[in-house]
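Visitor: Heads up, here are the entries from TrEMBL:
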- 25-44: transmembrane segment (TRANSMEM)
- 56-78: transmembrane segment (TRANSMEM)
- 84-105: transmembrane segment (TRANSMEM)
- 126-146: transmembrane segment (TRANSMEM)
- 158-177: transmembrane segment (TRANSMEM)
- 238-256: transmembrane segment (TRANSMEM)
- 287-308: transmembrane segment (TRANSMEM)
- 320-338: transmembrane segment (TRANSMEM)
- 580-599: transmembrane segment (TRANSMEM)
- 611-632: transmembrane segment (TRANSMEM)
């Protein structure tokens, strides 16, 4: 589901009409909730319902969430407030539903194998891992097609993009339930996370109530010895040493999870065309991460790490994680460079007290424009010249009326217009037979979030014109009438229809490209139409292929950081504490998304500066993590059996013996099993 979330960012912007910062914040708030709820789901499964019932019940909640969200994506269902409420309720249900699925599915699969079937269990998790990545690739490929290529309710079909996963989930749930009689269903046995929390709570309580006359303890957790076995307390100490290393980790996830938000938004301002026929969608680009994972995992395991070993470099797990952080920081450095070039095609809105102005000279000869108190437009403006750029006009307030002088053939003409701050304008100059006339038009300088082109027409002819461009109709009044801006699909237009009076004229507009804004001027006598195309906002000229390096780097970072981090964590903790580490790992992802939420809503930086900030923060965190790793001493959890053999632990204390036996579990090597559990949380 993780990779499919990229469609949410576009849904928020294009359907709910939120701005980019709010869309990013809500996206990461939802992502964060999706990583908090699995901790709750694991508690429910282990302490109350068991894994099977938890999967079934919360899968129903998950499906209901998709249905509610799909209904909210139907334009005819209520107003914008209803759409927002339904969308948020749907997302909350999905987050709680996924909380029952993520931690239980892989664990339930592992429960089906007896301990002597280790090889079969490993094969199962390999298939499970491939299924996760395969599903991720398919969802990233198909969901954008359902959204964009299928039109419903007069626009992108978000209702279908959300509804189809609900239908597929219902089918999967029916298949899963139909095999109920063949499953091995382990009863709830209690959740060790609750025991850990209770033990720590008791230790803190006893330490707080202790007096100076009480015997001193070597460790604050030792204050829980009155109720909990020493083995459990020692295991918690080992886990806490690992959890301390988790403190810097959320910053990595703050960068990693922006693939579905900021990187997707960056893609909407890029050229997505491959050749003349295939056009990638911005929310399909994340498919590259899933594909690269399938390629990189075996390459790193069988080629990269062995080669490093041959060079006699001791690449410990913590060093691998630090290198993974560096790769993620480099990925955002690459994203910064791409963003700097992407923004060159963007027209930045004017700040307060200013407006933007460009000039069209539709007269037959050059003109000069003089704005009092300004040296702008000092050079003659040629006839039908495409303006090079917008100029900033100082207003000194909310609006201002300016008396400008227009000169043609040494004859001055007055042009009085009123401008409003933070707006963009085109000043159209044309001749009416007795002199120069000026006309002010408000411009649309924002790029289409749907990767379409904006188009308008100026009709210099004496007859009104009706034009159909693709599926969009334009009416252009006569005598320099100006049509509104309308968005049109990005493509080559060669046989469009133009009607003037009783005559039909075929027109060729050529390529209307991604993100551009065009003004087409209609000229000619009553018996003909001549087109002159102006480009007000430049097309997206940075190709989407320039995002490939940042995806390669972030995926390499994921392989070295995420997979290695899990293997390290589980190698440093007792088997019965691995669920505690899983909960801690999920929370690092959740808090990473909270960091993005805070920065997106509070920083107010240009996008390239925000990317650079995240890269710099991760480098700083990497340095801190490296220092912490330097002082970390690796341990062997198997030594616990030597320290606390069941037969020698408090032989005189039968109750304590029973408590130790309760927490003494088989130390079977199931690192692959737990890898798949947490890997499933990242999809």
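Glycine residues also receive a Cβ, built from the backbone N, Cα and C atoms like all the rest.
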Visitor: Give residue numbers and ranges for long-range contacts of the transmembrane segment (84-105): same chain, 6 or more residues beyond its ends, CB-CB under 8 A.
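Guide: Cβ under 8 Å, 6 or more out: 1, 8, 11, 16, 30, 33-34, 36-42, 44-45, 51, 54-55, 57-73, 77-78, 162, 582, 586, 677, 680-681.
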Visitor: At least three Cβ pairs under 8 Å linking the transmembrane segment (25-44) and the transmembrane segment (126-146), pairs spaced 6 or more in sequence?
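Guide: Answer no, regions not in contact.
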Visitor: Hey, does the transmembrane segment (580-599) touch the transmembrane segment (287-308), meaning at least 3 C-beta pairs closer than 8 angstroms, sequence gap 6 or more?
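Guide: Answer no, regions not in contact.
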Visitor: Answer with yes or no whether the transmembrane segment (320-338) touches the transmembrane segment (238-256) by the criterion of at least three Cβ pairs under 8 A, sequence separation 6 or more.
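Guide: Result for the transmembrane segment (238-256) with the transmembrane segment (320-338) is yes.
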Visitor: Among the recorded stretches 56-78, 158-177, 320-338, 580-599, which has the greatest number of Cβ pairs closer than 8 Å to the transmembrane segment (611-632)?
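Guide: If we count Cβ pairs closer than 8 Å to the transmembrane segment (611-632), 320-338 scores highest.
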Visitor: So which residues does the transmembrane segment (158-177) touch in its own chain, when a touch means Cβ under 8 Å and the partner is 6 or more beyond its ends?
Guide: 4, 7, 11, 15, 55-56, 59-60, 62-63, 66-67, 69-71, 73-74, 90, 139, 142-144, 146-147, 150, 152
Visitor: What residues in the same chain, six or more past the boundaries of the transmembrane segment (580-599), come closer than 8 Å to it by Cβ-Cβ distance?
Guide: 24-25, 28-29, 31-36, 38-39, 42, 103, 192-193, 196, 239, 242-243, 246, 249-258, 261, 565-566, 569-570, 573, 610, 613-614, 674, 677-678, 681-682
